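A quick write-up on the structure given underneath.
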Amino acid sequence: MTAPLAATARTLRLLVSSLARLTVRWLSHAPATAAVTIALAVVSATYFVWRDQFATLEASPSSSHWWSIISSIGAVPGHFLATAVLGIVTMIVAGGAIERHLGTRAWVAAALSGQVVGVAATWATLPLLKRAISEWGQAIGEGTLWGTSLILVALAGAAVQSLGSRWRWRARFLLIGVLVLSSAILGSAISYARVWALLAGMVAARAAGVRGTESDASDDITTGRQFVSIAALCWACAAALTVVSSAPEGPLAQMRWSLGPAWWLEGRTGVITTLLCLAPITLQLVFAYGLRKGRRAAYIGTLILQGLLGISTLTSTTVELLAWNGPDDPLRPEVTTAASLLLMPVLLNVALCAVTLWMRRSFTIHAAPSTTSTLARRWLILMAVCAA
């Protein structure tokens, strides 16, 4: 009985010791990452002794101390051990890789500026948000800032600065677009602060001397294709986030209605409804790949898809509003909310159509009929399998 247990214990000790040696060797070339990792481990370990410290460490606009700008890095909501461990592991792997790539000086500049600017800018712009979009500002004001995500996002922005000119603008556009849209969808304080952290990390890396290679070759047609393709990808990521998010509170939270408006207005949010909402997202991802290749079919398909989504949103909401007979038959709250927040999702449909039309000269390649039919058939099969 004891022999198998002893063998298992020896295997676990060997595994742990090997991981420890690899971690030490990895962090030996990343001193800043090592220092932050040790600080995170110490703060997280104290949660087992003093579980009420989260209220002291967190950065909240309502009641915070000045030191919470830095101490919020070690705060963990709900005292979840898995969250703390994931933050430490991500810092070791991603933070260490970026420090070895950029250097310690640029790493410290980006990480420090991302954390400080991310928290400070969120607090500073909160009154403006409350006046402009009261519901979004209220949600951010009631939220908290915690964890290492601001540092990691800032480091990602700094790493983008080291890319070549051909890839640098694409990565910037994709990161900024996804973070801005996710902030407008989730409406949380941490998602809003990540946008500021990303911008601060890019600026800090630039100031620290991080430069990528420059290329004199430029192709307007290729640039136009990439621009529209990334814009379509940002829309697809944002749309998918609205479907999978449990409680979005931002101004774009109702974007899910533009994917299956008739279903969402009736309150049907089952598995089939979710799959129906994911169908246009997957189709737009296919079109995004075609736009990158300059396919004419993807250009036309994007215009048709976005146009139909916008028209269906307007039509379904108009039908619901016309069903209102007067003061004695008030609209349901969810319909009123949908009508008031309808403009933003439809504007995204219009914006993507406008960008695609603007770059229409970049999409002149006609795909073979067999290629188009194959892609359409595979997409239909995928949707049928998911629905089954």
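If you go along the chain as it appears here, the first residue is 1 and each next one adds 1.
Backbone N, Cα and C atoms are what each Cβ position is placed from, and that goes for glycine too.
Bear in mind that TrEMBL entries carry predicted annotations, made automatically and left uncurated.
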Next on the checklist: Quick check on the annotations: TrEMBL lists transmembrane segment for one of 298-319, 364-385. Which range is it?
Outcome noted: 298-319
Checklist outcome for this item: Sequence-distant residues near the transmembrane segment (26-49) by C-beta distance (under 8 Å, 6 or more away from its ends) are 57, 71, 73-74, 76, 79, 81, 84-85, 87-88, 91-92, 95-96, 99-100, 104, 107-108, 111, 148, 151
Item to check | Beyond the flanks of the transmembrane segment (106-126) by at least 6 residues, Cβ under 8 Å | outcome: 30, 32-33, 36, 59, 61, 68-70, 72-73, 95, 98-99, 137, 140-141, 145, 150-151, 153-155, 157-158, 189, 192-194, 196-201, 203-205, 207-210
